[in-house]
Structures are given as structure tokens and as C-alpha cells.
């Protein structure tokens, strides 16, 4: 689309935002969409399978698997939030997105990302209790406690993200604004703002520190405590068994945080890097966790693997 904003553009209350595919590769966007759609399909089938297995198998009605259900739901939400705009770009080369739709998409992407981060912390707590107090595990993490944790992390996320669209709405933009990705992110929208961005910048930093940064700290502390507890176990076999219960969760943490850290590092230290690198890294951050989490848990968690195989044999 050959529309460029100029200094003389009039400001509108509802500006248009243009999404970006892969610059210079527009002629192969349809082919690029094939692996993207395959990843979305894999994420959808995988997470729905996890939810179905946990719901239908009475033996999996435990805190660990309730938290896993929440992780699968957040992955489904994250996938569903990004899919429509990405397909419109890669399938139809339709890049325009209304301002309100862009704000809504950014809100849901950040909401599900923060929920996923919080769920990973809850799962670390679950593993700590299971290893530290195996005999009291179900009496400590009762259904009531798990429900309160789920409600708490959801309320925290909603309250943190709620001001975002309203702060973005009050900013002034040009008639046409070019975004960096094939989906809307709050920081990318703020980059297009022509009015004072100090309040929005402070808000964005507050959200990051209160969510992902704080969750990262909790995860590190949780695994330090888990490691101390495991090392106190006398039997080598029991130590190995206790640590193996954490492998799937460690993989999920690495799958979620590694692309996020990579994207942050590129934004901070490689601003002059190819736009394609920025776009591919952002897509990995949003696409890979929903795809890999159900695969990791299906392969590494014996109970889920056994239930899936039993269902398939029927």
C-alpha cells in the first residue's frame, strides 16, 4: 500500500493502521502462510486435546493438571488473538486494520501473554508443594485454593491491562500509521503516537515490572527452593524422580521466556537490524509456545501420554 503519512496529515479520532508482513517477500506471502497455518492448527488441536483429556479423565483432576488446563486456555487465546490479522496480511495482502480493532487485538495479546506468565508461576508453586510436601499436596492445593489462584492471576492481568486501550485512545496519530508486525502490540501503537507519550511509557514499564519481571523473579526463587528441597532428599532415585516432575514445566518456561528475551534484546541492542529479524522473532514469541507446550506435556508427562494413547486405541 503506497500511502505515507506526511507532516501535514490531519489527525483523526479513528486513524487507520497498516500491518506489515515480511518486507520484500510479499510475492511469497501465500507460501509463508502455509507453515504459519500449520502451526496454528497444531496449536489448536494440541491444546484442545490437552483440555479434553484433562476434562474427561478423572485421574487427572489434580492441581497440576488444572494449572495445565489454564496454560492451554491462555495458549488458545493467544493463538486466536493473532490469527485473523496475520491471515489477512499473508493470504489477501489486506493490511489495514481499524484503530479500535487494533487496540482490542493488542489488549487480548498482552492479556493472554501475562496470564501465561502468571500460570507458569502458579505451576512452579505447584511443583514446589508437590516436592516439599508430597503427603499434604492435595490438602494444601485444594480446589478452593486453585480457584482463588486462578481468579487472582486473572484479575491482576485484567486490571494491569485495562488502562492500556484508554491511554492509547487519547493519543493523537496521523491519518495512516505503519506498524512493524502483522498484529498489533501496545508498544508498537505507542511508537506511532504524535502526542506526549510519557504517561503511556510509564504505564508500559509499570505493567512489565508488575507482571513478567515479577513473575520471572518468582520463578527463579521457586526453582532455587525446589533445588534445595530436592538436594535434601536422601535417595538418589527419589531425587531424580522429583526433578523429573519439573522437566515439562522447565521446558514450558524456556519456550515462553527465551523468545521474549530475544525480542527484547533485539529491540534494545539491534535496532538497526533487518526488519525481517524483528518480525520473525516476534512471530516466534507468539507462535511457538502455543505449539510446543502441548507437545512437551504430551511427550514428557506419562499420565497425559498414557491417557492420549488409550483414547486413540479406542
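Cβ atoms here come from the backbone N, Cα and C positions, even for glycine.
Feature list (source: TrEMBL):
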| type | residues | note |
| --- | --- | --- |
| TRANSMEM | 28-54 | transmembrane segment |
| DOMAIN | 46-297 | domain 'G-protein coupled receptors family 1 profile' |
| TRANSMEM | 66-92 | transmembrane segment |
| TRANSMEM | 104-125 | transmembrane segment |
| TRANSMEM | 137-159 | transmembrane segment |
| TRANSMEM | 202-234 | transmembrane segment |
| TRANSMEM | 246-270 | transmembrane segment |
| TRANSMEM | 276-296 | transmembrane segment |
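Distant neighbours of the transmembrane segment (276-296): 20-25, 36, 39-40, 42-43, 46-47, 49-50, 71-72, 75-76, 78-79, 82, 109, 116, 180-183, 185, 248, 251-252, 255-256, 259-260, 262-263, 266-267, 270; these residues of the same chain sit at least 6 beyond its ends, with a Cβ under 8 Å from one of its Cβ atoms. Distant neighbours of the transmembrane segment (202-234): 110, 113-114, 117-118, 120-121, 124-125, 127-128, 131-132, 156-157, 160-161, 163-164, 167, 186-187, 190, 242-243, 246, 250, 253, 257, 260; these residues of the same chain sit at least 6 beyond its ends, with a Cβ under 8 Å from one of its Cβ atoms. When Cβ-Cβ distances below 8 Å are used as the criterion, the transmembrane segment (246-270) is approached by residues 71, 116-117, 120, 123-124, 127, 131, 212, 216, 219, 223, 226, 277-278, 281-282, 284-285, 288-289, 292-293, 296-297, 300-301 of the same chain, each at least six residues removed from its ends.
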